[in-house]
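Engineer: One structure, as structure tokens, below. Some questions next.
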């Protein structure tokens, strides 16, 4: 009998191979404690009352309590189906739905209703569209800036195949932070992210840096990389002009996904954070439960503090007016 996914899709060959490895037992340090303060409760009630949707809740992020207490949240745009298939990601891949051109307005409205100080916007790849979703990403930033003056926006995008005209469209919206995640090291990159290219991802970050944007990326550990390869990838990111970096532990979403090769101990995350700072990153978040959008507003403010002399379009880059 042919194995299928919960939604009825036939397993890909790589998924079938992954499924032969049982789900790994998590170590004791992969724990989070729920601290539900007044801001979290207020935001939770607002989301329930208004019928809003965030990645924070729908993906079961372990950091939701901390981020919501700081009025930070993450939104997913472009639908719930990705046109590429990364072996670590729980988002479904396949033929995406038709583009919803009203989505940017609705996301901005949600940000306003939630009273966010900082919003992260990410999305699926849309290789089915002529512009690969560049307009959608850019317009969402513009709508949030218009609806909620002073709210910082972090935009986490795919690579748009490195097409300069599409990158320029996204850069023109001037997000406070432009993020593009390399996720892993060159040796295993193709097997982990077959629809992407390591050097192309670095080129995207370099282009954003050259456009005067604060840039950010993420590395996931536990996929089969070595410590030396991690250090080299961090150096590659800095050479590309990356300002901020998050370093995270891979947690396997299901038996179909890439197995966890190793559990990285908290002490190693601390060592890697120190190494990243020595390389010159303006902001670093490194830990087993860190995610790429974890405390995104705090990292942005760290970058601004270290780049007060940087000029963008003839004006000093300014942080949004948040506490």
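If you go along the chain as it appears here, the first residue is 1 and each next one adds 1.
Yeah, the Cβs are placed from backbone N, Cα and C, and that goes for glycine too.
Residues or ranges marked as [4Fe-4S] cluster 1 binding site in Swiss-Prot: 56, 61, 67, 293. What Swiss-Prot records for 82, 86, 89 is [4Fe-4S] cluster 2 binding site, and it gives sequence analysis as the kind of evidence. The feature domain 'Radical SAM core' is assigned by Swiss-Prot to 68-282.
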Engineer: From the Cα of residue 293 ([4Fe-4S] cluster 1 binding site) across to the Cα of residue 89 ([4Fe-4S] cluster 2 binding site), what is the distance in angstrom?
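Structural biologist: Distance between the two Cα atoms comes out at 15 Å.
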Engineer: If H, G and I count as helix, E and B as strand, and all else as coil, what does DSSP give for residue 61 ([4Fe-4S] cluster 1 binding site)?
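Structural biologist: For residue 61 ([4Fe-4S] cluster 1 binding site) - judged by DSSP and reduced to three states - the answer is coil.
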Engineer: Can you tell me whether DSSP puts residue 86 ([4Fe-4S] cluster 2 binding site) in helix, strand or coil?
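Structural biologist: In the DSSP reduction, residue 86 ([4Fe-4S] cluster 2 binding site) maps to coil.
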Engineer: Only counting partners 6 or more residues apart, tell me which same-chain residues put their Cβ under 8 Å from the Cβ of residue 86 ([4Fe-4S] cluster 2 binding site).
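Structural biologist: For residue 86 ([4Fe-4S] cluster 2 binding site), the qualifying residues are 183, 192, 193, 194, 195, 196.
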Engineer: Using DSSP and collapsing to three states, where does residue 293 ([4Fe-4S] cluster 1 binding site) fall: helix, strand or coil?
Structural biologist: coil
Engineer: Just to verify a number: CA distance, residue 293 ([4Fe-4S] cluster 1 binding site) to residue 82 ([4Fe-4S] cluster 2 binding site), in angstrom, no decimals.
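Structural biologist: Per the Cα atoms, residue 293 ([4Fe-4S] cluster 1 binding site) and residue 82 ([4Fe-4S] cluster 2 binding site) stand 19 Å apart.
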Engineer: Out of the binding-site residues listed (56, 61, 67), which are within 10 Å of residue 82 ([4Fe-4S] cluster 2 binding site), Cα to Cα?
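Structural biologist: Within 10 Å of residue 82 ([4Fe-4S] cluster 2 binding site): none of them.
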Engineer: Tell me which residues of the chain lie with their Cβ under 8 angstroms from that of residue 61 ([4Fe-4S] cluster 1 binding site), as long as they are six or more apart in sequence?
Structural biologist: 55, 67, 74, 291
Engineer: Identify which of the binding-site residues 56, 67, 82, 89 has its Cβ surrounded by the largest number of other Cβ atoms within 10 Å, counting every protein chain shown.
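Structural biologist: Going through 56, 67, 82, 89 one by one, the largest Cβ count within 10 Å is at 67.
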Engineer: Give the three-state DSSP assignment (helix, strand or coil) for residue 67 ([4Fe-4S] cluster 1 binding site).
Structural biologist: helix
